[in-house]
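Written below as structure tokens is the structure these notes are about.
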Amino acid sequence: MSEEEVHDTSSEASEVFTNQPNAFVRGVRSIFGYRKTSLTLFVILTIVVTAGLSFYDNSLELTIELPTSQLEKEILESSWLDLQNIARYPHTYGSRANDQVHDYLEEIIQDMEYDNDGEKIMFESGKGVVSYYESNNLLVRVNGSDGTLPALLLSAHYDSVPSSFGVTDDGMGVASLLGVLRFVAHNQPRRTIIFNFNNNEEFGLFGAHAFVKHPWFKQVGYFLNLEGTGAGGKAVLFRGTDYGIVKNFGGVRYPYATSIFQQGFNNHVIHSETDYKVYKEAGLRGLDLAFYKPRDKYHTGEDNIRNVSPKSLWHMMSNAIDFVQMGVVDDSEEPAVYTTFLGYFFATPISALARVNLVLLVLFPVVSTPLLFVIVKYKKWKLRVTNFLGVPLAMGLAVAVGQVGNPMLVSSHPMMVVATTTSIVVLVYYVVLNGVDWVNTSSDQKLVTMIEVSFVYWVVLVYVTWSGGDHTGEFGVTVLFFVQASTSLLGLIGWTFTRVRGGDEPLLSGEEERYGTEDERDTEKPLVEHNYDWSLQYLLIVPVSSLVVYNSGWLVLEGVNKTVQESLASEHLIYWIVVVFSQFLVLPVVPFITKFNRYIVLGLSVVVVVGVLMSMAVHPFNQGSPMKLRFIERVGQNDMVEVYGRQGFVEDVLSDLPSVKQTQAKLECEALPDGLEVCKYKSGLTPGNLTVEVTTEPRAESYGLISGAITIAAPENRMCTVHFPPDRVKAVVVGKFGNNFKAIPDGFSREKGNYIYKDRNGISQLELYKLDWNKDYHVGFEWLPDIDDEGGMRVEVECFWGDMVPAYQEVVHYSPNWVTWANKERGLVGVVKHVDV
């Protein structure tokens, strides 16, 4: 080798060495270059941060602090003791324990201005159903310093269902009211506060209905209702009547809220109701604050003091204490959109969000369409129809195959079900989009996918905006569309500023300078790992979108996943929620999904295999997440115990009961609509001396209508129901009334101490609730005879008792630990009598 050659070689080596980037540049390239390893790092960090922030945001232990001031410490200690005393026994309206709770509360408030409400009301509580109710609410009034302000009503109910100790539903609400009462006794509020410790909420919201008829109701302008539909945890702002009152919730110390649950009520996804409904319909403005999970312990013996903590009680109580100190309320009565994150509260009127949505829906298509035209026409961005087939094809396939086989598993293992479904969805997108990427030679298929995902969000946002005020929980779609469409728009703008090289000059290569990440298979394009636009796109889209979807979706799923066992319709709804949740979890990362490395794909495949195997092998219920069965014993011509639940579970539970095996009682199971079944058996465990005697009184006829009356004698009883043939009875009266129904106006009326209700469309059921345990019911009615009978009518009377009965004690004691029990009717035992009038 000559000296010149040696010199040239050493010069080239020196030039290569000097052109090597330094360590910092190499580090930046290794992290932010569009490499599979870099993307894997970003994805893992996103999962960890999203799950961590969501866990912290929803954690009771990490976000709520116990009181430090001496007064608040004493208030919490006293209220916790109150809760222990209130929830010592089940205390349904039809039990002696209910009276004990009433007397306990009355003793606490006796030194204040209070009223032992004795309202008697009668109203139509359902289609063809009339209810008569004798109230014993306890009302307390604390006068405020500014008498010009409308009063604030604080409400909670002190009854439970017969199958539950009523700790969360609604002992925590009652104890919180007592805590607020002690606080305002030391700190006079600005506005007058009226406390309604109401009774018999569970079977018809009767205590709230009674308060609406009370003279103090006229003072009230606003309300805060405290409830519980789970067993402990954090108390969430369920719903609010309007933006003006909702925004005051931002002043509490530990706000926790989402209007997603409000939409659930509005769209009838959540079927249970609270006193909020009565107060809102009566014209008041206010909030519903409630515990919301887990619903499998709701109305069961697991709603007990062991499953809650003082910190849960303090969360509800402290927010109530802060809320009662609110000032002037805004006049805005629009529906509110609201949420919290990391203790920060956000609320806006639905109209403001609708205006933002409309701007976004119009702005992005108007701006992006011309840009796309310019890029395709003048910047030589080669697009085919196949470029746009990937996302819709993958989305359809993912919906078709993305369900776990065991339909009940989501009740006990929601995280596993979501992880499995999401992994399936990711793998489907990975396979389909890689196939599309292989077929197409288009550069920046990633940007095409971003535009497609933006269009999906655009369609959803159109639906949300068009749906109006009932869709206050879908505010997250606005965020998802904004970040996705903005990033897509930036990508299009980047393309418009690229230079196109090429032409007829022979010295030009004919190549094009392209914007965006290139395809590795095109060796003439810049190296993929030296493109950094992807990292900006990822950071703009994925972290925010993932957090919004995960936090909202998980909150919803935790609130409703237990309802999968309530009906087939609920099962379908829950799995629809899981599929939608999984789809929206995956959509933000879809533009980058083709760059997933083999370790991510392998990990997702393992999750799918494990999830599918678990769905086949794992029992869907366990001690921590039990199945709820409903119980009623009916005593009459055929004394039977009836147990209701999902098909395929009830018979196995009952067949192992000692009374069933010893008496060789035959289990009669019957399929019911909506995936339910009822199993009946004769129990040798009698409920004791429960008697119902029904006597008839002479009937009379006037203008073709027949009137008659019955007397119901049911010792130690508070609850009975009279069933009439459909559409025949036109008027009912509680009390002793004459036969002149013709002069009575339609609807409710009261005459000579009698409570009368008239409905020409027909009354099929009369519910009776009284306070005197041994007083007889006197019921009169007027009916229209059938043409083919002699004017007689058969009436069914059923009276309920809420105290423990031997057959119920047996099923609780001997059933598997993956079963919990709730009442089917207003009592645990019902005595049925028939009488011909």
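Keep in mind that glycine also has a Cβ here, set from the backbone N, Cα and C atoms.
These features come from Swiss-Prot:
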- 1-36: topological domain 'Cytoplasmic' (TOPO_DOM)
- 37-57: transmembrane segment (TRANSMEM)
- 58-355: topological domain 'Vacuolar' (TOPO_DOM)
- Asn143: N-linked glycosylation site (CARBOHYD)
- His157, Asp169, Glu227: Zn(2+) 1 binding site (BINDING)
- Asp169, Glu202, His299: Zn(2+) 2 binding site (BINDING)
- Glu201: active site, proton acceptor (ACT_SITE)
- Tyr298: site 'Transition state stabilizer' (SITE)
- 356-376: transmembrane segment (TRANSMEM)
- 377-384: topological domain 'Cytoplasmic' (TOPO_DOM)
- 385-405: transmembrane segment (TRANSMEM)
- 406-415: topological domain 'Vacuolar' (TOPO_DOM)
- 416-436: transmembrane segment (TRANSMEM)
- 437-446: topological domain 'Cytoplasmic' (TOPO_DOM)
- 447-467: transmembrane segment (TRANSMEM)
- 468-474: topological domain 'Vacuolar' (TOPO_DOM)
- 475-495: transmembrane segment (TRANSMEM)
- 496-539: topological domain 'Cytoplasmic' (TOPO_DOM)
- 540-560: transmembrane segment (TRANSMEM)
- 561-572: topological domain 'Vacuolar' (TOPO_DOM)
- Asn561: N-linked glycosylation site (CARBOHYD)
- 573-593: transmembrane segment (TRANSMEM)
- 594-598: topological domain 'Cytoplasmic' (TOPO_DOM)
- 599-619: transmembrane segment (TRANSMEM)
- 620-837: topological domain 'Vacuolar' (TOPO_DOM)
- Asn689: N-linked glycosylation site (CARBOHYD)
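Features recorded in Swiss-Prot, as mapped to the structure shown.
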residue : record                      : contacts (Cβ under 8 Å, 6+ apart)
Asn143  : N-linked glycosylation site : Glu113, Gln188, Thr192
His157  : Zn(2+) 1 binding site       : Asp170, Gly173, Val174, Phe197, Asn198, Asn199, Asn200, Glu201, Glu202, Gly207, Asp275
Asp169  : Zn(2+) 1 binding site       : Ser160, Val161, Glu227, Gly228, Thr229, Phe291, Tyr298, His299, Asp303
Asn561  : N-linked glycosylation site : Val410, Ser411, Pro414, Ile574
Asn689  : N-linked glycosylation site : none
DSSP says what for the topological domain 'Vacuolar' (406-415): how many helix, strand, coil residues?
-> 6 helix, 0 strand, 4 coil
According to DSSP, which kind of secondary structure is Glu227 (Zn(2+) 1 binding site) found in, if we only use helix, strand and coil?
-> strand
Verify whether three or more Cβ pairs under 8 angstroms connect the transmembrane segment (37-57) with the transmembrane segment (540-560), leaving out any pair fewer than 6 apart in sequence.
-> yes
Can you tell me which of 37-57, 447-467, 475-495 gets the most C-beta pairs within less than 8 Å of the transmembrane segment (356-376)?
-> 475-495
Stretch among 37-57, 447-467, 573-593 sharing the most Cβ pairs under 8 Å with the transmembrane segment (385-405) | 573-593
For the topological domain 'Vacuolar' (561-572), find every same-chain residue at least 6 residues outside the stretch whose CB is under 8 Å from a CB in it, and list them.
-> 293-296, 298, 407-408, 410-411, 414, 621, 625, 627-628, 645-646, 674-676
Fewest other CB within 10 angstroms, which one of the recorded positions Glu201, Glu202, Glu227?
-> Glu202
Long-range CB partners for the transmembrane segment (416-436) (under 8 A, at least six residues beyond its ends), listed in sequence order, are 386-387, 389-391, 393-394, 397-398, 401-404, 409-410, 445, 449, 554, 557, 578-579, 581-583, 585-586, 589-590, 593-594, 596, 601, 604-605, 607-608, 610-612, 614-615
Counting by DSSP, what is the helix, strand and coil composition of the topological domain 'Vacuolar' (468-474)?
-> 3 helix, 0 strand, 4 coil
Same-chain, non-site residues whose Cβ lies within 8 A of the His157, Asp169, Glu227 Cβ center for Zn(2+) 1 are Ala156, Gly166, Thr168, Asp170, Gly173, Glu201, Glu202, Leu226, Gly228, Thr229, Thr274, Asp275, Ala290
For the topological domain 'Cytoplasmic' (594-598), find every same-chain residue at least 6 residues outside the stretch whose CB is under 8 Å from a CB in it, and list them.
-> 34-37, 39-40, 43, 426, 430, 433-434, 437, 445-446
Including all protein chains displayed, how many Cβ atoms other than that of Tyr298 (site 'Transition state stabilizer') lie within 10 Å of its Cβ?
-> 25
Whole-number mean pLDDT, the topological domain 'Cytoplasmic' (594-598), equals 89
Cβ-based neighbourhood (8 Å from the centroid) of the Zn(2+) 2 site, residues Asp169, Glu202, His299 excluded | Ser160, Val161, Ser164, Gly166, Asp170, Tyr298, Asp303
According to DSSP, how is the topological domain 'Vacuolar' (561-572) divided among helix, strand and coil residues?
-> 10 helix, 0 strand, 2 coil
So which residues does the topological domain 'Vacuolar' (406-415) touch in its own chain, when a touch means Cβ under 8 Å and the partner is 6 or more beyond its ends?
-> 296, 557-558, 561-562, 564-565, 571, 574-575, 578, 614-616, 618, 620-622, 624-625, 627, 646
Is His299 (Zn(2+) 2 binding site) helix, strand or coil when read with DSSP?
-> coil
Which residue counts does DSSP yield for the topological domain 'Cytoplasmic' (594-598) in the helix, strand and coil classes, in that order?
-> 3 helix, 0 strand, 2 coil
